[in-house]
Every structure is written in structure tokens, then in C-alpha cells.
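Visitor: One structure follows; several queries about it will come next.
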Amino acid sequence: MFTVFLLVILATTVVPFPSDRDPASNHENSKGSNRNAWLTPEECCAAPACREMILEFCLAGEAFAAALDGFRRLPYRLSSE
């Protein structure tokens, strides 16, 4: 049992070090986009492929926006008579 414990400790403490064999592994050669990969909900609802994944969220947001727009159009009074 103690041997298994030592193997687990050894396996979790191994620190990877950079290798000079593969030049594609260093950061200079693998430049990626600086843009964040995550989309905001508004961006996702605007993209058809992403919209399908969170359709209920997009529809709820559209319904809320429509209700809010309708509420803003209602006449209101500041004083009660």
C-alpha cells in the first residue's frame, strides 16, 4: 500500500520540461490568436451554429427584450389621480 502511495506522489509531482527536439512546441513558433476563445451570450445567439446549443437561452432573452420594449411603449402617469 505504501508503494502505491509513493507511485501516486511520484506521478503527480513530475514536472514537464521543454524539449528542444520539436520546434513547434515552443511559444515563438506556435503563435495563436490573442482573441479570447469564449463568446459572450450575445455573440453566441448571433451565430447560428452556437445559437442551436443555447437556443432556450437565446429565446428567453429575445422574449425578455420584446416584453421590455413593449413595456417601454406603454403610457404611464407620474401622479395618481
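Quick reminder: no glycine exception, Cβ is built from N, Cα and C everywhere.
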Visitor: Looking at Swiss-Prot, which one of CYS44, CYS58 makes a disulfide with CYS50?
Guide: CYS44
Visitor: Count the other Cβ atoms sitting within 10 Å of the Cβ of CYS44 (disulfide bond), across every protein chain shown.
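Guide: The answer is 17.
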